[in-house]
Amino acid sequence: MLKLPIYLDNNATTPLDPRVLEAMMPYLTEVFGNAASRNHPFGWAAEEAVDYAREQIASLINCDPKEIIFTSGATESDNLGIKGVFEMYAQKGNHIITATTEHKAVLDTCKHIEKLGGRVTYLPVNEEGLISLAELEAAMTPQTVLVTIMYGNNETGTIQPIREIAAIAHKHGALFMTDGTQAVGKIPVDVIADGIDLMAFTAHKMYGPKGVGALYVRRKNPRVKVTAQMDGGGHERGMRSGTLNVPGIVGLGKACELARLEMAADTARLSAMRDRLERELLTLEESYVNGSREHRLPHVTNISFKYVEGEGLMMGVKDLAVSSGSACTSASLEPSYVLKALGLSDDLAHSSLRFGLSRFTTDEQIDYAIGHVKEAVTKLREMSPLWEMFKEGIDLSKIEWAEH
Amino acid sequence: MAYSDKVIDHYSNPRNVGTLDKSKKNVGTGLVGAPECGDVMRLQIEVDEVTNTITDAKFKTFGCGSAIASSSLATEWLKGKTVDEALAIDNMEIVEELALPPVKIHCSVLAEDAIKSAINDYRVKNGMPALEEAKSHH
């Protein structure tokens, strides 16, 4: 029996893998020590668990275990990386380069940097969601301390040319940071080969628990330092104070280990399922994939259905837990800034759905989703005066709408 | 957002979706809203010229569930009413019937506009003066 609604919003968060929970359980119960307690076995057991998690994480992203700074999640990691570099390298310069399609954790942190007197360049993206390397190169200045560009986009799954971006940043003496939230655990991320100096990521996007993440901070070639954003006991090599979330960290470690072992199989299965979903939904006329289809995370697709209104569409696909490009549960209709940055008109941005598949998504669920979306779009179009006009060959842009 | 049962009912089983022949003299068509605002309603009425009664009403709406429900409800109410009675339909009656929350009141306003716009079209087609009110909400 298919259980409804079907969860296809795995870019928002993933369910906890039972194997991760199993690994965490002892640290939620009998092994409760503080990893910073050096004087007794309770502390040693906790520290040992944390160190093991560091190794599990390090082998997933090919770094040294000492380069992992545990945080509360990707938002904190983004904040720590950007603000920490801005402060630490203030003598070198005050310029940061990012992109318009970044997550709010990066964009709003950059806005904060601007208030502090920093200068930030927000690179535009093309219709595929990719930044231009030439524009990046042109934006680099001797004052540029940091280039921060996300690995894979949360709304479209678009993967940026990370290695090329890192090379340009390094050529001009800047550090390269990436928000790896959606990519780590989903596609191979190798901080050495990719040239990453700092990377934010989180457990709950890869079947781990919420409330725990990490910032990778390179220790050699070059040795990167960030100014702590929280004062306290000097944990995590002085970069992030606060008692370590031992069960969470154990969960992140286990999630990374599973990701490393199962990534190839998950990717093959999920991309085949995603492609089938996409292929079927694109048989609907006037439907479009948003973002690059070539450079994309394997488990994501974002599709706009023209002549269907976003909120009505969300109501029509009530059996699916998906995201829309529309924030129209509030009175103000604010279409997704990511989709708008790709050049989509407001109405196309509103009428988009994001499907994020997971390790636990089944073929049966995808079959149901295909039928359900097709039915909703078809029904809403039969009800849509815009669809009727389109079918009659009327150019909607030529109509003088009675603005409300 | 939680929708009322009546909105869900009209959304799931919309009444009177369709198109009337707008070239007919006794058919009035109202098209209100704009795609970039997220709502476009087209409401049509067919009038018995002898009795001045609305014999048929159809709608098509591009919009959220509340917009679809408002226009669906409007067509239900229009059938059998005289044109004058139809003119008296107030958006707040729609708000009440569908239990629309404050952020969705504009859907009912749009439905009222669509009714007035359709009646206006019918009037103009039949040599009557245009309604002043038809533009009042714009």
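Backbone N, Cα and C define each Cβ position, glycine as well.
Keep in mind it's a predicted model, so treat the numbers as computed, not measured.
Taken from TrEMBL, the feature domain 'Aminotransferase class V' applies to A:6-368.
Of all Cβ atoms in the protein chains displayed, 23 besides its own lie within 10 Å of the Cβ of A:HIS204 (pyridoxal 5'-phosphate binding site). The pyridoxal 5'-phosphate binding site annotation in TrEMBL covers A:ALA74, A:THR75, A:ASN154, A:GLN182, A:THR202, A:ALA203, A:HIS204, A:THR243.
Annotation source TrEMBL lists N6-(pyridoxal phosphate)lysine at A:LYS205. For A:LYS205 (N6-(pyridoxal phosphate)lysine), the count of additional Cβ atoms within 10 Å of its Cβ stands at 27 [all protein chains shown].
Along the coiled coil (A:267-294), the predicted structure has mean pLDDT 98. If you look up TrEMBL, you'll see A:267-294 marked as coiled coil.
According to TrEMBL, the active site, cysteine persulfide intermediate annotation covers A:CYS328.
For A:CYS328, the entry in TrEMBL reads [2Fe-2S] cluster binding site.
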Legend entry - Cβ packing number for A:GLN182 (pyridoxal 5'-phosphate binding site), 10 Å threshold: 29
Legend entry - Residues from the same chain, set at least six apart from the ends of the coiled coil (A:267-294), whose C-beta lies under 8 A from its own: 128-130, 153, 155-159, 186-187, 300-307, 325, 339, 342, 344, 348, 352, 355, 357-359, 361, 363, 366, 369-370, 373-374, 377-378, 390
Legend entry - A:LYS205 (N6-(pyridoxal phosphate)lysine) versus A:THR75 (pyridoxal 5'-phosphate binding site) - Cα distance in angstrom: 13
Inset, instruction - Measuring Cα to Cα, tell me the gap between A:ASN154 (pyridoxal 5'-phosphate binding site) and A:LYS205 (N6-(pyridoxal phosphate)lysine) in whole angstrom. - result: 10
Inset, instruction - Let me know the DSSP-derived helix, strand or coil state of A:LYS205 (N6-(pyridoxal phosphate)lysine), please. - result: coil
Inset, instruction - Please give the greatest C-alpha separation between any two of the pyridoxal 5'-phosphate-binding residues A:ALA74, A:THR75, A:ASN154, A:GLN182, A:THR202, A:ALA203, A:HIS204, A:THR243, in angstrom, as a whole number. - result: 30
Legend entry - Same-chain residues at least 6 apart in sequence whose Cβ lies under 8 Å from A:ALA74 (pyridoxal 5'-phosphate binding site): A:HIS103, A:ALA105, A:ASP179, A:THR181, A:ALA200, A:PHE201, A:THR202, A:LYS205, A:GLY213
Legend entry - Under 8 Å by Cβ from A:ALA203 (pyridoxal 5'-phosphate binding site), counting only residues of that chain that are 6 or more apart: A:GLY73, A:PRO209, A:LYS210, A:VAL212, A:GLY213, A:GLY248, A:GLY251, A:LEU252, A:ALA255
